[in-house]
Amino acid sequence: MQYIVVTGGVISGLGKGTITSSIGHILKDSGIKVSAVKIDPYINYDAGTMNPYQHGEVFVLDDGGEVDLDLGNYERFMNINLSRDNNITTGKVYLEVIQKERHGDYLGKTVQIIPHITDEIKRRIREVARTSGADVVLIEVGGTVGDIESMPFLEALRQLKREEQNVVFAHVTLVPEIGPTMEQKTKPTQHSVKALREIGIQPDIIFARSKQKLTEETKSRISLFTDVPVEGIISVSDVENVYLLPQMMVNEGLITRLSKLLNMNIEYRDSWTSYAENIRHPRDRVKVAIVGKYVDLHDAYISHKEAFSHVTGNTGIAVDIMWIDSEKVKNDQSVLSEADAILIPGGFGYRGVEGKIAATRYAMENGVPFLGICLGFQVAVIAVARYVLGLDGANSTEFDEKTKYPVVDILPEQRGVKDMGGTMRLGSKKVVIKKGTLAHRIYGADVIYERHRHRYEVNPDYIDMIEKAGFKFSATDEEGIRMEILERPGDESFIATQYHSEFKSRPLDPSKVHLHLVEQALIFKHRRMGENHEGYATAASSQGQ
């Protein structure tokens, strides 16, 4: 068992998560079993109640864990499934230690940061290593070196290396380029490594973020002041797509350095060759409008972005995302006029819902390919009730408790639930698909397992009415009680799901409903242009299998 710890310095947002994921991908593609841990120094127990504007998307795992979006990157890059235990927060650590103290586990001792907090951190890391059976566990430490919140975690990791000797430290820093000559400045990296060394950690690898590739002179200067060999200075310059990063790091000599540090024979097979080629040189493009309320922060919908990137890598059809604020759509649907497809993602709260309903109506009435996810599924049901069934004012009780037509209502088991954190219908659930439906053709299966995150469902009292109006609920939960997929028979371009298919999308196995949406968008685009490309998307689909 070996550990690779990835820390960050100078500023946040340098891409530690993507670099950690890329290291994991390289090792996984070399036949090495990997797992990953994200350390988040915030006091929240998990990411479940966080505002997407502050923290980005809340990623949902198979076991129902609501975690940092970096775990989504780990799963996608390494093609592994993680659990809530792979996300360690200050809140989890302190709560466990306090509960042990209340239980009397410390036998009256004074409970302190060292050793009790640090011991709990190490215990959690070792438990992930044990249960995963991984050869290498990657550990990303959130924040930057010097942050007061991360100090106990860095101390625990220093102790981990002292106790086990099988820990590699990698540090991500910024090398800014200043002035008319764009001179690469190493001083921020020098000071960042100095801060790390002051707490007893000497990095073995430095990932230097910059706009342009580091010069050999810059690498030598960083090496001189940090005691990291030149071959351990890895230049990480900007790339057009994050899935091109692993090959860049390989070209920089990362495998040679890791092989020496881990004492492993690393033979990278690069399973993404054709995938990367499709990303670099797409053969066609479509515009997909994502209509949401957090569109100013694209990371709030990062799994949708990545799912579309996966479609591009498998089909060569690039997706240009139009980020549309749902509040603007309510009174002006013209903002959707250039879209080849519309996606309504998940969300909570009343703000922007009427705009999402308007966007759904626009798609239905203009034949624009449509995909609704979670709240988007519920919004589709509301739109059908209002504009097809004529139930004026139909709504979800989430937004209007006194609506005359509550076509979407709270789950029975959610009634009376007071706590917000970790109490929704969460995680992987069995979905049973009806034969002879669009959903069955898309998935090619009778049963699938998808991840959920919701408190509300289609009101059973309105199911027959909606189906008699020309729509069909083509999938349900295992008991046949909860509706999971809505489609319109005879219309290949309209589908909505209660589950979050984006959370299970992988580079070589893209979300099937996102893939279908892009196929339909391509047909719509060329039909609108007056061209006959009926067979084009089918060919693209076969390439994506």
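Sequential numbering from 1, following the chain as shown.
Including glycine, each Cβ sits where the backbone N, Cα and C put it.
Going through R123, R124, R126, R221 against Swiss-Prot, the one listed in the CTP site together with S12, D147, I148, E149, K185, T186, K187, P188, T189, Q190 turns out to be R221. Site annotation for ATP in Swiss-Prot covers G13, L14, G15, K16, G17, T18, and the matching candidate from D68, D70, D85 is D70. Of the residues R285, R451, R455, Swiss-Prot puts just one in the L-glutamine site with Y53, G347, L375, G376, F377, Q378, E398: R455. In this structure, K187 is the one among the recorded positions K185, K187, R221, H500 with the smallest number of other Cβ atoms inside 10 Å of its Cβ. Counting only same-chain residues at least 6 apart in sequence, none has a Cβ under 8 Å from the Cβ of I148 (CTP binding site). All protein chains included, S12 (CTP binding site) registers 11 other Cβ atoms within 10 Å of its own Cβ. The maximal spread of the UTP binding site, taken as the longest Cα to Cα distance among S12, K185, T186, K187, P188, T189, Q190, R221, is 23 Å. Cα to Cα, T189 (CTP binding site) and E502 (active site) are separated by 36 Å. When the binding-site residues T186, T189, Q190 are compared by the number of other CB atoms within 10 angstroms of each CB, Q190 has the fewest.
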